[in-house]
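Pulled from Swiss-Prot, these are the features on record:
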TRANSMEM  20-42  transmembrane segment
TRANSMEM  60-80  transmembrane segment
TRANSMEM  98-118  transmembrane segment
TRANSMEM  147-167  transmembrane segment
TRANSMEM  193-213  transmembrane segment
TRANSMEM  224-244  transmembrane segment
TRANSMEM  256-276  transmembrane segment
TRANSMEM  285-307  transmembrane segment
TRANSMEM  312-334  transmembrane segment
TRANSMEM  351-371  transmembrane segment
TRANSMEM  393-413  transmembrane segment
TRANSMEM  435-455  transmembrane segment
Amino acid sequence: MLKYIIPTIMLMPLTWMSKGNMIWINSTTHSLLISFTSLLLMNQFGDNSLNFSLMFFSDSLSTPLLILTMWLLPLMLMASQHHLSKENLTRKKLFITMLILLQLFLIMTFTAMELIFFYILFEATLVPTLIIITRWGNQTERLNAGLYFLFYTLAGSLPLLVALIYIQNMVGSLNFLMLQYWVQPMHNSWSNIFMWLACMMAFMVKMPLYGLHLWLPKAHVEAPIAGSMVLAAILLKLGGYGMLRITLILNPMTDFMAYPFIMLSLWGMIMTSSICLRQTDLKSLIGYSSVSHMALVIVAILIQTPWSYMGATALMIAHGLTSSMLFCLANSNYERIHSRTMILARGLQTLLPLMATWWLLASLTNLALPPTINLIGELFVMMSTFSWSNITIILMGMNMVIPALYSLYMLIMTQRGKYTYHINNISPSFTRENALMSLHILPLLLLSLNPKIILGPLY
């Protein structure tokens, strides 16, 4: 485990000691090396658990998320270069340090063995993200967005702390591996209902559940590109990961407590997908689409069958790469046209033909085109919800159609048609951007050849 944590910590002195012209090259190459070493974790069997120490362990649920976390840092650094080109050197170094700190916290969160340790790190990821949003965001609205982000997440996760202390007093341990053997079945009582809510709400706000999702589009729209990427790709997956881990100790309460939340999520994914159809703001559209994809994951986790768990883990990884790529594309438009409104950025295919290819690929993966892992995840979730209740096929079918509509709408609005006249001096697409997009799309295509490595512990 230390072979990921120590190089990540050493990235910070590397950044601060680099000269101005070498800072991006050094940090990006070093973080790419870390992400390549993390691929060694891939050859892990489904039922295997690597116990690194008393603090850290990884199994086949946390491994794909861990690799995704490490894969995203070099991509975030590549994407942020233009955004920070006007800043002075100290600010650049501070920004990179924030990203590295965030990655460090996330690596430790996904491998934490104690629930309290997991909780502390889960909250610690809030601080660098908040600094990134409120310091390097684009508009003055970013302070408001940061407040929303902070208070939704904090108010959601404080009851979890109380619940964890209660479990510690009852059981005597919060170790993931011990809890499997020690935990008692929860009986149906008011105190246990509140306990269930306290444990689940923290992660449902983070996912976010429809109704508690208001912070997400705000935070996405105001965050700089690296903030948006890490928020969509990894911080939302923290919620799903936490839910998958904590449902272990909440049985058999989840069987009947899950009904309102499953209904809310099924309804919410249709609603947020429909909201996407009438968005004018590009980043807001991608933000709402990630709410609707995460609603599927909530449904899958609450149904609690092996198939739905596999679908949830596959969908989390697929959505992480897809939404991150879409945010990069939206940002490359924003850097050229200085506007996120889709009406002002029409007909870019004639100006940037290679970018149009990336837009097409990203839109197709977002609408779950076969044979991508997005489709594999969605099909697993769809089949498990259908076997849970037949009537959900209507909602699920709508949820297959509406993302196709808004993805194609986004593609046609930005790429097709006649370009607007205020686009006069537009820079061509850089090699950096093309490399960034290909590093997003290649893992998606390669994983669709062998999806079993991301199907989680039950495969």
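Backbone N, Cα and C atoms are what each Cβ position is placed from, and that goes for glycine too.
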Practice prompt. Would you confirm whether the transmembrane segment (98-118) and the transmembrane segment (285-307) meet the contact rule of 3 or more C-beta pairs below 8 angstroms, pairs 6 or more apart in sequence?
Written response: no
Worksheet, complete the sentence: For the transmembrane segment (20-42), the distant same-chain contacts (Cβ-Cβ under 8 Å, at least six residues beyond its ends) come to 3-4, 7-8, 11, 14, 50, 58, 63, 66-67, 70-71, 73-74, 77-78, 81, 89, 92-93, 96, 100, 103, 453
Discussion item. Under 8 Å between C-beta atoms and at least six residues away from its ends: which parts of the chain pack against the transmembrane segment (393-413)?
Written reply: 266-267, 269-270, 273-274, 276-277, 279, 282, 285, 289, 292-293, 296, 342-343, 345-346, 359-360, 363-364, 366-368, 378, 381-382, 385-386
Discussion item. Taking contact to mean 3 or more CB pairs closer than 8 A (sequence separation of 6 or more), are the transmembrane segment (435-455) and the transmembrane segment (224-244) in contact?
Written reply: no
Worksheet item: Near the transmembrane segment (60-80), which same-chain residues lie under 8 Å Cβ to Cβ, leaving out any that are not at least 6 residues past its ends?
Response: 4, 24, 27-29, 31-32, 34-35, 38-39, 41-42, 44-48, 95-96, 99-100, 103, 106-107, 110-111, 224-226, 229-230, 233-234, 237, 241, 244-245, 313, 316-317, 320-321, 324, 328, 331, 432, 435-436, 439-440, 443, 453-454, 456-457, 459
Fill in: Outside the transmembrane segment (224-244), six or more residues from its ends: residues with CB under 8 Å to it
61-62, 65, 68-69, 72, 75-77, 79-80, 83, 95, 99, 102, 106, 109-110, 118, 122, 125, 129, 132-133, 136-138, 200, 202-208, 216, 283, 286-287, 290, 294, 297-298, 301, 309, 312-313, 316, 319-321, 323-324, 327-328, 331, 456
